[in-house]
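The annotation zinc finger is assigned in Swiss-Prot to 34-65 on the grounds of sequence analysis. Summarising the annotation, Swiss-Prot assigns Zn(2+) binding site to Cys38, Cys41, Cys57, Cys60. Under the heading repeat '1', Swiss-Prot lists 151-234. Residues annotated as repeat '2' in Swiss-Prot: 245-326.
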Amino acid sequence: MQEVEKLKLLQSEREALKSRIKVKEQEKKAENHTETVCPECGGRQLVHDYERAELVCQSCGLVIDDDFIDRGPEWRAFDHDQRMKRSRVGAPMTFTIHDKGLSTMIDWRNRDSYGRAISSKNRAQLYRLRKWQRRIRVSNATERNLAFALSELDRMASALGLPRNVRETAAVVYRDAVDKNLIRGRSIEGVAAAALYAACRQCSVPRTLDEIAEVSRVSRKEIGRTYRFISRELGLKLLPTSPIDYVPRFCSGLTLKGEVQSRAVEILRQAGERELTSGRGPTGVAAAAIYISSILGGERRTQREVAEVAGVTEVTIRNRYKELAEKLDIEIIL
């Protein structure tokens with residue numbers, strides 16, 4: 001009986017705690033209500049005017065707050081160099097470095113904080129400190145693996161001209177593979193290339209396996225096999241690549257105007273609605289749509305030029321553009 005009473009008491013205390021937490025959350029929401037919703041029209045599109053220290057509703061123009069705190073730095077900077085010089089904090093944390101960028105490095109200039117040269121005795125000591133610091137930064141096999149793989153990822157991403165978010169995503173995918181011990185029995189370069197390919201698809205910055213293989217040190221077959229393995233083991237939800245994703249890059253390589261690009265996207269959208277892109281390589285379909293659009297827009301490019309930029313053959317472009325023109329009733333004057 002005593003145990004039953006204790007359980008009832010604990011349950012009542014738990015319910016009371018939940019109710020108190022709920023009341024506090026409601027009070028907090030009520031306090032922040034004026035900061036997230038306009039009291040006049042109920043709009044949520046609020047704009048911070050930092051010059052006037054005002055919070056303004058974009059829908060009705062009501063000034064909700066005219067004395068909010070500016071939490072930015074007290075100094076002013078007009079370009080990137082000035083911001084870097086005046087900033088008193090370090091670089092942000094990043095997954096592209098094996099220690100996430102949290103460690104420091106001893107400078108190699110052999111000068112003190114005032115710019116004066118360091119004596120020979122202190123110089124020898126600094127040399128030894130640098131050597132030991134390099135050893136401490138990479139202390140075990142996992143960190144050595146990450147240091148090599150992430151530098152390889154950065155090299156490949158630089159060669160492909162990939163943005164920062166793709167590099168961060170690739171580093172996270174590779175770290176997850178290391179945590180689940182998926183590296184065993186596979187080359188570091190192969191897993192790194194597969195992680196980069198997966199990151200490109202996740203971030204909708206498509207690159208083909210052939211493009212990844214060109215900048216990596218492994219074959220296309222190994223990259224594809226490793227990619228399928230890690231995507232299955234890590235449960236990566238990757239949608240099929242759309243031909244539309246390739247259009248901006250191919251049009252940029254062919255120096256085509258925005259009108260041609262928009263028309264190519266519209267052609268591909270109509271082709272997708274009629275299921276003309278199913279079972280076909282996205283690069284070939286995208287190249288054919290761009291070829292048709294360039295002719296219709298008066299900025300004709302030859303099949304060879306389009307094929308070189310898209311990385312497909314001229315035969316593929318001919319087959320795809322004839323199919324698109326026939327099914328979509330597009331009249332092309334060659």
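In case you wondered, yes, glycine gets a Cβ from its N, Cα and C as well.
Structural mapping of features recorded in Swiss-Prot.
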residue	record	Cβ within 10 Å
Cys38	Zn(2+) binding site	20
Cys41	Zn(2+) binding site	13
Cys57	Zn(2+) binding site	20
Cys60	Zn(2+) binding site	12
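With DSSP classes pooled into helix, strand and coil, the tally for the zinc finger (34-65) is 3 helix, 11 strand, 18 coil. What surrounds the Zn(2+) site, by Cβ distance within 8 Å of the Cβ centroid and not counting Cys38, Cys41, Cys57, Cys60, is the set Pro39, Glu40, Gly42, Gly43, Gln58, Ser59, Gly61, Leu62 from the same chain.
If you average pLDDT over the repeat '2' (245-326) in this model, you get 89.
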